[in-house]
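Q: This is the structure, below, for whatever I ask next.
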Amino acid sequence: MDEDEKDRAKRASRNKSEKKRRDQFNVLIKELSSMLPGNTRKMDKTTVLEKVIGFLQKHNEVSAQTEICDIQQDWKPSFLSNEEFTQLMLEALDGFVIVVTTDGSIIYVSDSITPLLGHLPADVMDQNLLNFLPEQEHSEVYKILSSHMLVTDSPSPEFLKSDNDLEFYCHLLRGSLNPKEFPTYEYIKFVGNFRSYNNVPSPSCNGFDNTLSRPCHVPLGKDVCFIATVRLATPQFLKEMCVADEPLEEFTSRHSLEWKFLFLDHRAPPIIGYLPFEVLGTSGYNYYHIDDLELLARCHQHLMQFGKGKSCCYRFLTKGQQWIWLQTHYYITYHQWNSKPEFIVCTHSVVSYADVRVERRQELALEDPPTEAMHPSAVKEKDSSLEPPQPFNALDMGASGLPSSPSPSASSRSSHKSSHTAMSEPTSTPTKLMAENSTTALPRPATLPQELPVQGLSQAATMPTALHSSASCDLTKQLLLQSLPQTGLQSPPAPVTQFSAQFSMFQTIKDQLEQRTRILQANIRWQQEELHKIQEQLCLVQDSNVQMFLQQPAVSLSFSSTQRPAAQQQLQQRPAAPSQPQLVVNTPLQGQITSTQVTNQHLLRESNVISAQGPKPMRSSQLLPASGRSLSSLPSQFSSTASVLPPGLSLTTIAPTPQDDSQCQPSPDFGHDRQLRLLLSQPIQPMMPGSCDARQPSEVSRTGRQVKYAQSQVMFPSPDSHPTNSSASTPVLLMGQAVLHPSFPASRPSPLQPAQAQQQPPPYLQAPTSLHSEQPDSLLLSTFSQQPGTLGYAATQSTPPQPPRPSRRVSRLSES
């Protein structure tokens, strides 16, 4: 009994321990099964153990390979992995890793090419390197890549194992969001060496498969690649952040209506680098890219109108001075009591450069017609054969070859649109190569005058500028034919993509030339209209006849067309006034004096000519009241048309001797009416300031005989003129209407005889004044403040030196 009980107890304890062990084993197998990927069905214990064993084996192999390939130098931090360290090194060097075969095919490129050159790795891989180089550098870069292949069919192992670093400079095409923009090239430096690999992928159709001949190809399985680090010649201080394909990253912020930060959540610092207290109170526009400000302003205006919306993709400046692409969904929150806008809630999402480029190109495709020529970088997405872009032949590229000296380009992502420059010469400063605007290489047909009147420009802008298309097309063809021999556009026929790019460039040239031609034609039309207006004014002035009548006490301007021979001889023989200015009147017809050209009527009605008078009083020297009758022979153009008085007009004062009033009465010689005309023979000049003090000797004989006037004279009274007494009479030249003296009958015009017209000397502009001594004061004109748009005249007189004289009253032309 006792033994059976003992055996039963041992068996129970054994079963209990076995059950415990089995339960523990099942738990462990279950845990392993849950850790294995792809466990969609329930696996038995054997399958679970097999998969675990396989995973451990692969893990050991990968660890062994990683230890072999990992950097073991002391300068690599131990807390960084190989991938992290490589990424940091490439960012610090402003470069990327590229693997190129000997024929130029790109088989690998790192992701850091996107923030540096704007290309996606998928677009660059499987393409030829020559597609991204200017045509001038194709031959040299190809020789560098295939130089070691020309010695033997295959490189020696010693050549591949040696540290034969190869360095060269070239220009590389920069990617763009808009494929229609002119290509821009960045000056870069290649540093690398050749290595042999067994599993190099064969390139697909890239347009350069048949570049190398058969003997130069390396045997299959021993391909040689050029592994290089590509660096920018000039480092970029601001560049885009390389965003990997990670789960959606977003953060929330709150802004005021003035777009200032009010709140920033905890998810923002890992993305943008700023802590909340660093951005609170600052404007969001301080962190936006300058090229995106216009688009963001439109989105914010849409938000203020509709209360919610979605922004475009824009660049945000991080704390590490890098641009990260964001897209924002926002809405306006209102106060719960007064329903007034309180603040704006924004949810910012990180977007990749690939998504941004797709969105931008879709927008451009919607805005632009589909027939527009596309940039070669856009054609690459369609897996088409890409040749070197040919439009560079038609442009002024500056240098024909590769610069021998390193010339880094000073460029940044924030200024790529405005820093397009031509490729530098070998001795020039480092610049960025781009295909310049097409009009810079073509000869300009004409240049607009730099100093055009503002009024003329406004008239030219409002005039119709319709232009015949045939003339512009002929001009464009002629300019292109002239530029083709110089730029070397004599290459074989290009593919369709190149032809479309050339056609787009030529169309741009044509449009610019047509616009320039329209501006020139508008300017020519404006000048023709101005010339026509001047001709009309000259015809109007020539047709107008102004008659002037002499009034006894008043000073008048008389242009004696015919003077007595005795007076003429006396005036010509007197040497006292050798430099007396004369009014030269051109007579187009014999016996007829040219028509008077009056100065601006508005100015003449406001000005009075005051003559100097001596202290000796004259009897009956008061101004007669202006007669209300106007001459019937006075043309209507006198009151409506404002003409210009030539600057060469000189005023000569003829002062009669103090005689009785009866002697001042007109003689029978005044019975003949004469036509009074002036011709605009010289350009207009303003009055000189010193003309008011000029004096000249009188042309009156010492015997007291007054020079007879053979021509009727006219008075133009001003409405503000008043008669004065005989002791202080102030004769005033009154313009505006003709006054007929009551003692003079209306005279009829009589033509001159041909003989008299031939012998007639140039008439003088004369005005009689009162005389105090033998040599009276001449008619003195003072300057006036010329109003804008009015034309003035100057009475230029020569003043010979004279001894001091008694004080006289100076005649002046003053404003009324």
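Glycine is no exception: its Cβ is also placed from the backbone N, Cα and C atoms.
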Q: What range among 610-639, 640-669 does Swiss-Prot describe as region 'Disordered'?
A: 610-639
Q: When each of 9-59, 237-307, 311-354 is checked against the domain 'PAS 1' (82-152) for Cβ pairs under 8 Å, which one has the most?
A: 237-307
Q: Looking only at residues six or more beyond either end of the region 'Disordered' (1-21), which have a C-beta under 8 A from one in the stretch?
A: none
Q: If you draw a 10 Å sphere on the Cβ of His171 (heme b binding site), how many other Cβ atoms land inside?
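A: Counting Cβ neighbours of His171 (heme b binding site) within 10 Å gives 25.
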Q: Tell me the Cβ neighbour count for His119 (heme b binding site), meaning other Cβ atoms within 10 Å of its Cβ, over all protein chains shown.
A: 24
